[in-house]
Amino acid sequence: MAKVERHRAGEPKHEEAKMASGNVKVKAGTRPPWVGLAAAVWVQMAAGNAYTFPLYSPALKSVLGYDQRQVAMLGVANDVGENFGVVAGVLCNSLPPWLVLLVGAALCFLGFGTLWLAVSGTVLGMPYWLLWIALAIGTNSNAWFVTAVLVTNMRNFPLRRGVVAGLLKGYVGLSAALFTQVFSGLLHRSPTALLLLLAAGIPVVCLSTMYYVRPCTPALGAGGEEEDAMQDGHFAFAQAASVLLGAYLVGTTVLGTVVTLSDAASYALFAVTVLLLLAPLAIPVKMTLFRKKKPSPPMEPPAAATAEEEPLLIPSDPPPPADEDSDEKVAVLLAEGEGAVVKRKSRRPRRGEDFEFTEVLVKADFWLLWFGYFIGVGTGVTVLNNLAQIGAAAGIADTTVLLSLFGLGNFLGRLGGGAISEKFVRSPTLLLPRPVWMSLTQTVLAVAYLCLAYALSPGAVYACAAVIGVCYGAQFAVMIPTTSELFGLKNFGLFYNLMAVANPLGAVIFSEELAGRLYDGEAARQRHGGGGGGHPHACVGPECFRVAFVVLAACCAVGTAVSLVLAARIRPVYRALYAGGSFRLPNGNQQH
C-alpha cells in the first residue's frame, strides 16, 4: 500500500507530460516512438527552410534592387523568425504536437507565399517592411516544427537526450544540402521556383507526417542491458543513415557543378535521396518483423498501480526503499497537520530538477549557457547569412558548393556534438560536462575567422566554411541536452526557445550591424576608387570582411572562457546525473 501511495505522489510532477500526450498511452518499448522519430526526420528536413536564404538572396538584390545592408537585414528577419519560438514553447505543453505542426505549416505558406509574389513579379512595388515581416513569418514556421518534434522525442527518449538532440538537429543542418540539390537539379537554379516549393511543398510534408509525431510512454531501462544495447544499435543505425545521406547530398551537388546533368539524371538522384530519408523507418519495420517475445511476468501488479497511472518519466533505477529520512518527512507532515509545527516553505528546485520560468531566470547557469551559446551561434550565423558575398569576395562565382559544405559541416557538428558529448558525460572515469565541447568548438571558430581575415582565397573559404559549419552545428547539439539536464523536461520547450533567441540577436549584432555595415563601407570605397564588381553594391577582396572576422574571433575567445566557467560550475551536477555511467533522474523529477 505504501508503494502505491508513493507512486500516486509522483503523478503531479508529470502532469505536463500527460497533458502534452493528448491522452495517448503506449506501452513501454513498443514501436511508436521509433515511428515518430522517423516522421520527425522529414519534419526536421523541412524545418531547414531558413538555410535557403543564400540561394534566393541574390535575387532580392537583382530583382528588387536592395543593397547588402538591406539584404543583411532581411537575413536578420530570417533568423528572428526561425528562432522566435517562445509562443510555441509555451503552448507545446497544452497543445498536441499535430496542432503545433499545423500552425507551422500555415505560417510557412503565408510567409514564403508572400515572398514568391514579390520575387516572381506577380505583385509589384511590395514595400521592404512587408517583405521583412513575410520572411520572419515564413521562417517562424521552423520554431513550431522543431518545438513539436524535439520536445516530443526528448520526452519519448529521455535517457538518450544528447543522441536524440544531435540526430534531429543534425537533419535540420543537413537540409541545407538537400535544398541545394533540389535547387540546382530539379528547379534549375530558379529562385522563384524555390520560393514556391517552400510555400507549398513544406506544408504538404508536415501535414502528411504530423499524425505520427505523438508522445509515447518510453522504455526507461526496464529491459536491462539487452534493451539498452538494442536502443544503442538503433540509434547507431539512424546516425549511420544520416551520415550516408549527408555524404550523398554533397557528392551530388559537387557532381552537378562539374558536369551538366539531364533532367532524368537529376530526378534519379533525387529518388535515391528520398530512399535515404526513409531509412529510419527500417527500425520500426525491423521491430515488427522480428518481434521478440518476452516471458510473462511471474505475478500481476496491484490493481491500483496500472499502466494508466504510470508517469511519462520514471527513474531508470527502482526507487529506494523507505528510509529514516522518509519517516522523518512523514512525521513532519503529521505534525504540520496537527498544528504542532509551522509548515515550511517549499524549497527551490536544484539543478537537474524541473524549473519554472521565473525560477530559471535567476540562475547564473542559465545566463552563462545563454551567453556562450549566443557567441557560438551568433558568429556562425553571420558567416551563413553572408556566405554568398564571402564567396564572391574570394572570387567564387558559384556558391552552391560552398553552401553544401557549410550544410554538411553543420550536420556533422550537430550529430557528432550530441553523440560525443553523450559519450563523455557517461564515462565513469573521464566525465566531461557538455559545455566543454562548446568551449572547444569556439576556440576552433576563432582560428577559422582569423584564417578568413588574413587568407581569403577560394581554397581557404571552402575549408573554413566546412569547419565553421561543424563548430556552428555543435553549439545546438550541446545547448539542447544541457538545458534539459540542468532545468528539467517539464518546461523544456519554453527554455529551449528562450535559448534560441540568442540566434537572431547574434544576427542583428554581428551580421547586420557589424559585417553588413563594414561590407557596404568597403564596397563604397572600392566603387569610388574604381574597383569593385559589376553590381553597384559588390565588394571584392579580403578587405570586405577582414575587420569583421577579427572581431568575431575575439568574441569567440570570450565565449570559450564563459563556457569553461559554466563547465566547471556544473561538473558536480553531471556527476550526480550520470553516476555509474547511466542517467539517473533527479529526485525532483521523480516525486513532488
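Going from the start of the chain as shown, residues are counted 1 onward.
Cβ coordinates are placed from backbone N, Cα and C, and glycine is handled just like the others.
Cross-referencing 38-62, 163-187 with TrEMBL places the feature transmembrane segment at 163-187. The transmembrane segment (163-187) and the transmembrane segment (98-117) are not in contact, since fewer than 3 Cβ pairs between them lie under 8 Å (pairs 6 or more apart in sequence). Note on the transmembrane segment (264-285): residues 31-32, 34-35, 37-38, 41-42, 45, 178, 181-182, 185-186, 234, 237-238, 241, 244-245, 248-249, 252, 256 of its chain, located 6 or more positions outside it, place their CB under 8 angstroms from a CB of the stretch.
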